[in-house]
Amino acid sequence: MAVAAAQKNREMFAIKKSYSIENGYPSRRRSLVDDARFETLVVKQTKQSVLEEARARSNDSGLESEFIQDVAHLGNGDKTPTVEDGTHQDETKNCQLADADDGDDGGKKDEDYTLTEEEVILQNAASETPDAEHAVQKAAFLLRMRDGMGSLARILKTIDNYKGCVEHLETRPSQEAGIQFDALVKVRMSRMNLLQLIRALRQSASFAGVNLLSENNLTNKTPWFPRHAVDLDNCNHLMTKYEPELDMNHPGFADKQYRERRKQIAVIAFAYKYGDPIPSISYTESENSTWQRVFNTVLDLMPKHACREYKAAFNKLQEADIFVPHRIPQLEDVSNFLRKHTGFTLRPAAGLLTARDFLASLAFRVFQSTQYVRHANSPFHTPEPDCIHELLGHIPLLADPSFAQFSQEIGLASLGASDSEIEKLSTVYWFTVEFGLCKENQQLKAYGAALLSSIGELLHALSDKPELRAFEPASTSMQPYQDQEYQPIYYVAESFEDAKDKFRRWVSTMSRPFEVRFNPHTERVEVLDSVDKLETLIWQLNTEMLHLTNAVKKLKSTHFE
């Protein structure tokens with residue numbers, strides 16, 4: 001029942017999140033930054049709703065129907081642990097304890113109490129797998145003792161009966177009226193027993209309050225993030241499902257045929273699963289014509305305005321017969337090309353993903369790409385990403401090793417980041433990957449995908465009208481963004497390497513309490529949170545350093561010969 005309840009809880013959260021975000025808000029232009037801000041608001045509202053419903057369910061069921069198991073699993077024989085004397089009491093069922101000192105005959109045992117957010121998180125953690133409830137957990141809780149130090153012996157006895165180990169205990173005189181002492185207790189015990197212990201302590205009238213505190217991974221509010229590329233199947237939440245149906249300013253809003261075409265392509269994307277070949281789209285003559293108009297314009301402007309890395313990769317795509325003017329490339333062909341050059345791959349997306357989902361995909365060197373085409377009446381502007389923007393804007397630089405590494409590092413930094421940090425990362429992404437400029441032989445060149453696939457904004461960015469600032473992630477991430485007109489401010493990187501170095505230093509200041517790395521052999525993100533994992537990584541790095549040292553020696557030997 002515990003597993004089923006927690007699964008229902010997670011499904012409810014996912015449904016609410018998806019529904020709220022998918023219905024989004026209409027805007028003339030879409031931005032990853034604005035979507036991150038909107039997503040943050042929705043997540044906070046949904047989180048509060050989920051907590052309230054979890055607490056209500058706990059009160060309705062008395063919690064014990066979910067987690068309180070037969071007491072024979074806990075004590076020795078048939079003994080039921082109690083706060084008061086650690087002995088069995090027939091009238092005390094499922095660790096709802098009487099208070100012998102007060103003679104209250106049950107005291108608060110029938111009284112509902114509100115689960116804290118920490119307890120909801122612990123409850124969900126205990127339900128993730130069949131073995132999760134028995135996993136050893138460190139925790140800390142604060143007890144407000146009405147009866148003074150005499151309660152300590154009963155506390156320790158109860159913890160022992162629940163097979164817990166006390167790692168730290170300290171007391172102090174309480175500042176609250178009617179409370180003699182506050183006790184901070186740190187324990188180590190199974191999750192199931194910890195939940196029951198908290199319940200038992202709460203049922204005793206000896207305590208005015210029992211508060212579970214954040215302790216290590218017990219109440220880590222780190223958002224869920226994918227650990228393996230297959231988990232990206234769950235990273236498909238959209239900010240808007242079908243933009244033409246929501247925004248009257250969209251070029252395709254009044255075009256029923258266009259909206260239906262978008263739906264058909266979106267269904268294909270939603271059905272895609274990890275490991276599947278990317279389905280081909282039979283593009284119409286009109287869609288190929290729109291591609292050709294944009295492609296030829298980019299081809300004309302690229303030699304003068306694009307950075308050298310973009311031009312080099314663009315030429316390779318032409319040589320591979322992937323970039324041709326008369327037809328839109330298929331994502332499967334592009335994905336295979338990227339895999340050979342930088343290890344990046346593509347997967348189809350139905351529309352504009354939430355910032356968290358989109359950035360998480362980059363951590364696995366996966367770029368989520370739309371397959372639909374902008375409306376034919378607006379070939380040089382689209383209010384949201386389309387495949388022309390993805391292909392002509394993003395793909396060439398994802399084929400460049402240095403830029404691909406930078407993109408992946410943004411993705412890795414997003415895993416487990418807080419909502420506010422996702423917003424900052426989205427802003428950095430916006431002003432670099434989408435609208436970035438760089439220096440090349442003392443001249444400004446574009447590397448941002450939104451610039452290279454939007455002719456008007458490209459020419460504006462390279463004119464003397466906007467303000468140009470040096471790229472510094474700390475300040476860039478805080479820059480307010482408006483999306484109704486061309487950007488008033490652009491950020492200029494000295495080089496990709498300089499941008500990566502500054503980005504790494506900035507990410508190191510983020511609040512995430514752990515580091516992650518991507519293992520390309522297993523396609524898995526590894527959380528570096530144990531000595532064993534660090535030792536394995538050090539061994540791997542030492543092996544690589546040995547190969548590099550040997551290579552240098554051989555090159556030097558060959559040179560001198």
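Just so it is clear, glycine is given a Cβ too, placed from its N, Cα and C backbone atoms.
In TrEMBL, annotation is done automatically, which means it is predicted and not curated.
Database features, via TrEMBL:
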type     : residues               : note
REGION   : 72-111                 : region 'Disordered'
COMPBIAS : 81-93                  : compositional bias 'Basic and acidic residues'
DOMAIN   : 210-556                : domain 'Biopterin-dependent aromatic amino acid hydroxylase family profile'
BINDING  : His389, His394, Glu434 : Fe cation binding site
Neighbour-count leader, CB within 10 A, binding-site residues: His389, His394: His394
Non-site residues, in chain order, whose CB comes within 8 A of the mean position of the CB atoms of His389, His394, Glu434 at Fe cation: Pro385, Glu390, Gly393, Val433, Gly448, Ala449, Ala450, Leu452, Ser453
Cβ neighbour count (within 10 Å, all chains shown) around Glu434 (Fe cation binding site): 24
